[in-house]
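Some features that TrEMBL has for this protein:
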- 1-382: domain 'Major facilitator superfamily (MFS) profile' (DOMAIN)
- 18-37: transmembrane segment (TRANSMEM)
- 79-98: transmembrane segment (TRANSMEM)
- 110-130: transmembrane segment (TRANSMEM)
- 164-185: transmembrane segment (TRANSMEM)
- 213-234: transmembrane segment (TRANSMEM)
- 246-267: transmembrane segment (TRANSMEM)
- 273-301: transmembrane segment (TRANSMEM)
- 352-376: transmembrane segment (TRANSMEM)
């Protein structure tokens, strides 16, 4: 989270694939080194696991901008969707690979020694094969970008970009909910089973439960399904309205809040019903992953995209999953103080605390509706700096089967396959140690040269 703005600044000014590779190599080395730390230096192990975030910051901040310089319109939406599919897919593969390495070697340390191979492979392929597309080339701005504004100017412009600000806040709402769910939903369902008298209350420090495994599997599947449905829905709705991107996100968020509320209604009576609500709610929640990135590509000029992606990521974590698990736990503990010995009240208090999430999701949906109000204006401001640039969002006359043009060639598609390695391989390995962690222990704007006005 902290390193994201740094990589955003570097990604808008220097060779992106070199920065990506260095970040991933650093992550791989730290991960490998951490496998040799003994339990006497637990604090060092925790620090090394935190440094893994540097590698994630590099590719999560810069990779979407490379795809944004290779594709436009529906093609870009599709490619960003494939790219973001690596989040749930990498999550699932991380647990599987880590578990397999542990069982095969009989030692959990080998999960940390196998995963860096994926990172080094990805970093090497990026450095050797992935081209460095010229910023704005696909938007026909490549020849117009002579100078770059300062970091402070970039930040002022982004702060005035209403679509960017509102979509970033909406993204934080999604992060808030997913962070809280990942931590507390399995425990909530376990307590629900105790209330239903289908399971005994766990009094051990570490409890064995299948709820975490089931919830993890549901999250992986709904992540994949949500990204695919989101891309297809947006592609279809763009034929009806030019505000399709933020509107699809808003509707999906508001719909998700309904089913997430239902979780706390049916969990007391039916665990299966709760899982069904979780499945539908998370699928709708994950619809906006790739679409949010595409909104950013529409309203932010190419030379600011890495900074924009980085600060969107920073905001999402800072206002989202960095604090939501703690806040939910704090509320739950405060509610159950008077009835600490009641299994029913422990279940209900956690449910009442988790009820904050649907309200945050509704707030996120409202932020996407606000984005829809300003989306066309902000997109037009970005396009004014390139009059020859074709319309980025298809109008009613556009054919859904529009062929790729300009940079959307088969060569670009071939390059994209390589770029996808930025996400899948590195996204897989950082999650490998998750299942074993407890085993170790418990920046005045300069003229642009093209007019007195700064870029939006």
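Each Cβ is built from the backbone N, Cα and C atoms, and glycine gets one as well.
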Intrachain neighbours beyond the transmembrane segment (213-234), with Cβ under 8 angstroms and 6 or more residues off its ends: 77-78, 80-81, 84-85, 87-89, 91-92, 95, 181-182, 185-186, 189, 244-245, 248, 252, 275, 278-279, 282-291, 294
Paired segments the transmembrane segment (352-376) and the transmembrane segment (110-130) in contact, 3+ CB pairs under 8 A: no
Per-residue pLDDT averaged over the domain 'Major facilitator superfamily (MFS) profile' (1-382), given as an integer: 83
Chain residues outside the transmembrane segment (18-37) and at least six past its termini with a C-beta under 8 angstroms from it: 7, 10-11, 44-45, 48-49, 51-52, 54-59, 62-63, 109-113, 115-116, 119-120, 122-124, 126-127, 422, 426, 429-430, 433
